[in-house]
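The annotation substrate binding site is assigned in TrEMBL to T56, D128, K183, D187. The NAD(+) binding site annotation in TrEMBL covers 154-156, N188, 217-224, E240, N275, 296-298, N344, H351. The domain 'S-adenosyl-L-homocysteine hydrolase NAD binding' annotation in TrEMBL covers 188-350.
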Amino acid sequence: MAAPPHDVADLGLARAGIRRVDWAERAMPALRRIRERFAERRPLAGVRIAACMHVTAETANAMRTLRAGGAEIALAASNPLSTQDDTAAALVAEYGVSVYARAGMDQASYDRNLAAVLEHPPHVLLDDGCDLVNIVHRERPELLSGLTGGCEQTTTGVIRLRQMEVEGVLKLPMVAVNDTATKRMFDNRYGTGQSTIDGIMRATNAMLAGRTVVVAGFGYCGRGLAERARGMGARVVVTEVDPVKALDAVMQGYTVLPMAQAAAEGDVLVTVTGNRDVIRAEHIAQLKDGAVLANSGHFDVEIDLTALESLSVEVRREVRPQTDEYVLADGRRIVLLAEGRLLNLGAAEGHPAAVMDTSFSVQALTVAWLVDHPLTSGVLDVPDEIDNEVARLELEALGVGIDHLTPEQESYLHSWRV
Ligand SMILES: NC(=O)c1ccc[n+]([C@@H]2O[C@H](COP(=O)([O-])OP(=O)(O)OC[C@H]3O[C@@H](n4cnc5c(N)ncnc54)[C@H](O)[C@@H]3O)[C@@H](O)[C@H]2O)c1
């Protein structure tokens with residue numbers, strides 16, 4: 001097969017890339033099933049897709065699925081730091097995808113690559129941060145008439161799309177594949193729960209059993225993290241600002257405390273609130289000698305790093321990889337992981353492939369749905385049938401059967417006459 005147009009670091013890396021993609025695929029049974037179906041039915045025959053996503057082994061499996069459905073794909077990296085050069089090479093050489101991505105590329109190359117994927121006028125956009133939608137609306141409006149719509153993969157992208165919709169400038173139907181029940185469950189709860197624990201352990205090699213882990217924020221991510229920390233044998237303390245979430249944590253058997261008290265008890269303290277200054281000077285003042293601070297929320301604003309710096313008389317960088325030690329005036333040592341940035345990406349490998357299996361399965365089914373249903377412009381939810389179908393495929397892969405409503409039950413649930 002002749003390689004499609006591309007700009008990758010080294011096609012010679014393709015063999016290593018294929019091994020990586022195959023390994024990820026083992027943990028992506030729902031996507032594999034959809035790929036088989038797509039290969040039979042070819043729902044995307046003749047559909048040109050322009051994608052801007054992380055060029056990783058999991059994404060490669062998503063691209064293979066769309067290719068099996070008959071799509072032609074041009075893919076640019078949504079983040080230069082996450083590009084796997086071997087995966088990029090495999091996508092071009094083995095899976096027939098036009099990839100424009102090199103690890104560590106600069107801003108000019110990033111912009112050039114985004115322009116390149118729009119060269120063959122696409123029918124569908126796959127965005128991860130709203131960059132393609134932005135370029136099409138601002139710089140290439142002539143492409144709008146040929147576009148059926150697209151999917152957006154992240155919270156930040158969905159927030160931008162909603163703002164475009166409010167301002168009346170969004171000219172495409174864009175499906176928020178980020179906002180599904182399966183994504184929240186797999187990604188935020190189970191994905192962040194497991195990979196945050198993984199990050200703590202890789203960075204510190206700490207024993208969690210018998211220690212106190214403080215989880216700040218009991219939302220989707222915090223709940224997952226609290227469950228996993230408890231599973232490791234830790235005593236878990238939760239801090240919250242929302243009374244309903246706090247009550248839920250109490251009812252699940254966690255100790256709930258204000259951070260002012262929790263700070264003095266924690267051996268490991270992790271923020272996952274999406275908010276700023278959750279651990280600040282007055283809390284740092286309470287910390288135990290050797291306390292470990294980490295954050296798994298999106299931005300590095302949850303721990304007040306300026307306060308930590310200013311309270312410290314010495315900073316020992318990289319006492320282990322992704323581990324800095326701050327020495328306070330009274331000699332207490334405070335350990336900061338991954339510089340307060342997303343711990344599971346900084347000190348571990350982000351989400352396992354099994355987590356991306358649901359997100360990309362939803363995306364693949366949504367693309368097929370989009371090309372089959374003319375839709376009006378705006379930010380759209382993923383249809384419930386798709387969310388349910390992906391959950392069904394995951395259950396099937398796990399070998400788990402469930403009950404089905406009888407016709408009598410179905411009508412009972414939809415009737416007001418008893
Ligand atoms: N690490 C990852 O891979 C990953 C994955 C998904 C989401 N995230 C990020 O994690 C963060 C949380 O996501 P979520 O889905 O759990 O959100 P969420 O809205 O479900 O939960 C956040 C919780 O934090 C609480 N909170 C807010 N301010 C607080 C404070 N000062 N002290 C204590 N609790 C406070 C809120 O009441 C809420 O219950 C976001 O920044 C999100 O982008 C990270």
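These residue numbers are counts, starting from 1, taken along the chain as shown.
Just so it is clear, glycine is given a Cβ too, placed from its N, Cα and C backbone atoms.
Structure with TrEMBL features highlighted.
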| residue | record | Cβ within 10 Å |
| --- | --- | --- |
| T56 | substrate binding site | 23 |
| D128 | substrate binding site | 22 |
| T154 | NAD(+) binding site | 19 |
| K183 | substrate binding site | 26 |
| D187 | substrate binding site | 20 |
| N188 | NAD(+) binding site | 21 |
| G219 | NAD(+) binding site | 18 |
| G222 | NAD(+) binding site | 28 |
| E240 | NAD(+) binding site | 24 |
| G297 | NAD(+) binding site | 26 |
Integer Å distance between the CA atoms belonging to D187 (substrate binding site) and H351 (NAD(+) binding site): 7
Quick one: of the binding-site residues T56, D128, K183, D187, which has its CA closest to the CA of G222 (NAD(+) binding site)? D187
Using CB under 6 Å from any atom of ligand 1, narrow the binding-site residues T56, D128, T154, K183 to the ones that qualify. none
Just checking the binding-site residues T56, D128, D187: which sit within 10 A of T154 (NAD(+) binding site), CA to CA? D128
With every protein chain in view, how many other Cβ atoms are within 10 Å of the Cβ of H351 (NAD(+) binding site)? 21
As a whole number of Å, the Cα atom of G297 (NAD(+) binding site) is distant from the Cα atom of D187 (substrate binding site) by 13
E240 (NAD(+) binding site) to D187 (substrate binding site) - Cα separation in whole Å: 21
Site extent for substrate, whole Å (max Cα pair distance, T56, D128, K183, D187): 18
On average, residues of the domain 'S-adenosyl-L-homocysteine hydrolase NAD binding' (188-350) score a pLDDT of 96
What is the separation, in Å, between the Cα atoms of T56 (substrate binding site) and G219 (NAD(+) binding site)? 28
Reported as an integer number of Å, what is the Cα distance between K183 (substrate binding site) and G219 (NAD(+) binding site)? 14
DSSP-derived class (H/G/I helix, E/B strand, else coil) of D187 (substrate binding site): helix
